Amino acid sequence: MKTYLVGGAVRDKYLQLPTQDRDWVVVGAAPQTLLAQGYQQVGKDFPVFLHPRSKEEYALARTERKAGQGYTGFSTYFAPDVTLEQDLLRRDLTINAMAEDDEGQLIDPYGGLQDLQQRQLRHVSEAFVEDPLRVLRVARFAARFAPLGFEVAAPTLALMQQMSQQGELAHLTPERVWLETEKALSGPVPQVYFQVLRDCGALAVLFPEIDRLFGVPAPAQWHPEIDTGIHTLLTLAMASHLSDDVAVRFAALTHDVGKGLTNPNFWPHHHGHGPAGVRLVREMCQRLRTPNPVRDLALLVAEYHDLIHTVERLRPATLLKLLDTIDVWRRPQRLQQMILCSEADARGRTGLEDQPYPQAGYLRAAYHQAAQVAVCNVITDGFQGAAIREELQTRRLQALKSWKAAQEAALNAE
């Protein structure tokens with residue numbers, strides 16, 4: 001029995017990155033061997049064991065053979081005669097198919113180190129096409145390692161295109177698509193994930209609402225990049241610069257999906273894209289089974305991001321209605337999330353990445369004024385039942401009117 005460190009831990013060592021988890025492969029052993037040594041079996045589909053002291057995962061060397069459709073349609077063979085090279089052969093990318101023995105010697109039968117040095121994400125074998133999940137995983141790795149200069153190797157991208165065209169992606173469950181997407185949205189440059197999916201044709205299959213935006217023009221005076229799809233990825237990139245909140249990043253990604261449904265006869269203008277976007281975002285989130293907080297923010301951003309751009313011109317009553325709709329009184333974090341998404345939209349334009357966004361400070365100040373109206377004071381003044389909310393709204397509106405009048409007076413005095 002021999003054990004080898006495999007996968008991400010070996011890859012990250014040669015990239016000089018911190019190791020998150022260490023996974024091990026055991027060659028020349030049967031389940032009974034590990035159980036006798038105190039390992040705890042946790043794997044259902046194939047034997048995975050927890051080390052009795054370190055609790056790290058040890059898996060018996062195995063091979064996989066396609067036996068059905070989708071990413072779960074595999075039969076697994078594990079026995080003492082399975083070699084390390086056979087186990088590594090079933091892995092997705094060469095940089096993930098390296099191992100180290102107990103003396104720290106690299107075992108690299110498929111050229112992973114060379115691809116790592118050349119910053120290439122390359123498939124290990126033609127069996128890559130048997131698992132549709134690998135399309136998403138490669139796109140995610142491309143986004144994760146893009147800051148280090150990694151790109152998808154041309155032959156691997158060609159296989160991903162083939163898989164997208166042949167309908168294999170239809171076998172991916174919504175939960176798995178969202179899981180991979182959520183991981184990508186948590187990374188430093190999630191826009192690369194969606195760009196790679198578009199390059200291989202998977203975006204049209206898995207995220208048609210986003211894919212449809214490419215080629216849809218916007219007015220050049222407002223959008224120097226013109227293409228709404230490009231603007232969408234720029235907005236996602238800016239949102240990722242401003243916040244690590246997955247909900248903010250997803251809402252930035254979907255903020256303009258309604259522009260894919262507007263009448264081409266009126267392009268490059270997109271009147272009514274907000275309400276159209278709300279319907280699409282709702283359908284998209286239902287299909288992907290996104291968490292409710294992610295869905296709710298995306299719906300609000302799709303409908304109201306343009307209104308926030310004009311917040312300095314809004315009447316006090318409209319401003320209060322916006323704050324009520326965002327539900328800032330019960331969910332104050334929503335205000336900052338909405339502001340970040342709108343700022344990402346404004347700055348996610350070619351050449352305008354560094355422009356200020358004064359609407360952010362204005363909306364925060366407006367909220368601060370309205371929030372100073374305390375419900376306890378309304379109750380102390382004798383209001384009861386439904387009258388409490390009515391009076392609260394009246395006082396908040398008056399606070400906004402007074403504040404806005406003072407703002408305008410100060411501007412006129414300059």
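Here the Cβ of each residue, glycine as well, is placed from N, Cα and C on the backbone.
Look at Arg137 (ATP binding site): DSSP puts it in a helix. A sphere of 10 angstroms centred on the C-beta of Arg137 (ATP binding site) encloses 19 other C-beta atoms. The ATP binding site annotation in Swiss-Prot covers Gly8, Arg11, Arg91, Arg137, Arg140 and rests on sequence analysis.
Feature annotation from Swiss-Prot assigns CTP binding site to Gly8, Arg11, Arg91, Arg137, Arg140. There are 22 other Cβ atoms within 10 Å of the Cβ belonging to Arg91 (ATP binding site).
The Mg(2+) binding site feature in Swiss-Prot is assigned to Asp21, Asp23; the stated evidence is sequence analysis. Within 10 Å of the C-beta of Asp21 (Mg(2+) binding site) we count 10 further C-beta atoms, all protein chains included. In this structure, Asp21 (Mg(2+) binding site) belongs to neither helix nor strand by DSSP; it is coil.
On the 0 to 100 pLDDT scale, the model's mean across the domain 'HD' (228-329) is 95. Under the heading domain 'HD', Swiss-Prot lists 228-329.
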Cα-nearest neighbour of Asp21 (Mg(2+) binding site) within the listed binding-site residues, Gly8, Arg11, Arg91, Arg137, Arg140: Gly8
Candidate binding-site residues Gly8, Arg11, Arg137, Arg140, pick with smallest Cα gap to Asp23 (Mg(2+) binding site): Gly8
Collapsed DSSP category at Arg91 (ATP binding site): coil
Most crowded position, judged by CB atoms within 10 A, among Gly8, Arg11, Asp23 as binding-site residues: Arg11
Secondary structure content, the domain 'HD' (228-329) (per DSSP, counts of residues): 79 helix, 0 strand, 23 coil
Same-chain residues at least 6 apart in sequence whose Cβ lies under 8 Å from Arg140 (ATP binding site): Glu180, Lys183, Ala184, Gly187, Tyr193
Span of Gly8, Arg11, Arg91, Arg137, Arg140 around ATP - largest C-alpha separation, Å: 16
